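Engineer: What Swiss-Prot lists as compositional bias 'Pro residues' is 185-196. What Swiss-Prot records for 197-208, 293-303 is compositional bias 'Low complexity'. Positions annotated as compositional bias 'Gly residues' by Swiss-Prot: 237-246, 283-292, 353-363. Annotation comment: Swiss-Prot describes 144-173, 195-251, 259-324 as region 'Triple-helical region'. Marked as region 'Disordered' by Swiss-Prot: 144-372. Residues or ranges marked as signal peptide in Swiss-Prot (evidence: sequence analysis): 1-45.
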């Protein structure tokens, strides 16, 4: 019975897993199909849209070009037709517009010859009056002279002050001497040595307890326990029904004599299964399995608070006195000379900012002291 139950459970689990796999396969296939369908639609729709937009742009460009060509052609025809008329008539049209002019065009108009030029003859001396109208060829009109100069505009606001300029170069006066009381900026001080480190701060507070590590791997299973005691024998099964009667055998001839008893017949078929027996006792508890591997260590705690600021370092050595270098004079004057600090020769020579680039270090820096 137990084996049958296990087999049924395995069959059910296999059937369930198979049905799940089929469902997952169907869902995956549908997703792939929709993705391919969308990709195909995009691949087909984008070229069609691009072709439609390109055709629209081309059509608009052609229409615009046609309109421009037609516009230019129209005004070119008007321009060439204007050139066929006389210069005076074109100038009058440009000045007063296309209108019927009255008056003498030239001196010959007084004798009646002006009628052949499109003017209505009038008395000699009449002036030509009329408001300027739209010319027949606005694209070819000659621009008039520039108008009078307009009035000056409102003065603008003053601009922002510019950036300060760089300091100029010092003057070059021959035989210039440096004044004794001239205030000059002292040379930059040498970098002082670092002070002693401060007192070590208090240790920070301990960090929070890290999260528990993940569970360790499963330990090795212990050995199987000893088999339990055999359960009691179940009750006998139900007795089977009687078999069908066999065919009658042939009647022997002659006198009947009883023969010896025959051999024992084969056992009958197995009867129906009996009632299940009582469950047996549980076996002995197996030994304890081996200890699992240790879990991963937790994260480190937060850093502690910073310690208090250390005390200020000691005062550095005093700086060197200022120097004044005069131009065109081979001497260096000391301003307010005082006690000179004792500096090692190697430290002084290694500094390029004092005497190192002026040829000679300490000896060259104080060579002209007290000499003019």
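Note that Cβ sites are derived from N, Cα and C of the backbone, with glycine treated the same way.
Note that this is a predicted model, so its numbers are computed, not measured.
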Engineer: Report, as numbers and ranges, which residues of the same chain sit near the compositional bias 'Low complexity' (197-208): CB under 8 Å and 6 or more residues beyond its ends.
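Structural biologist: Same-chain contacts beyond the flanks: 300-311.
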Engineer: Pull the DSSP breakdown for the region 'Triple-helical region' (144-173) and write it out as helix, strand, coil residue counts.
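Structural biologist: Taking each residue of the region 'Triple-helical region' (144-173) in turn, the totals are 0 helix, 0 strand, 30 coil.
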Engineer: Which whole-number mean pLDDT does the model give the region 'Triple-helical region' (195-251)?
Structural biologist: 81
Engineer: In the same chain, who gets a Cβ under 8 Å from the compositional bias 'Gly residues' (283-292) while lying at least 6 residues past its ends?
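Structural biologist: For the compositional bias 'Gly residues' (283-292), the far contacts come to 216-228.
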Engineer: Write out how many residues of the compositional bias 'Low complexity' (293-303) are helix, how many strand and how many coil, based on DSSP.
Structural biologist: 0 helix, 0 strand, 11 coil
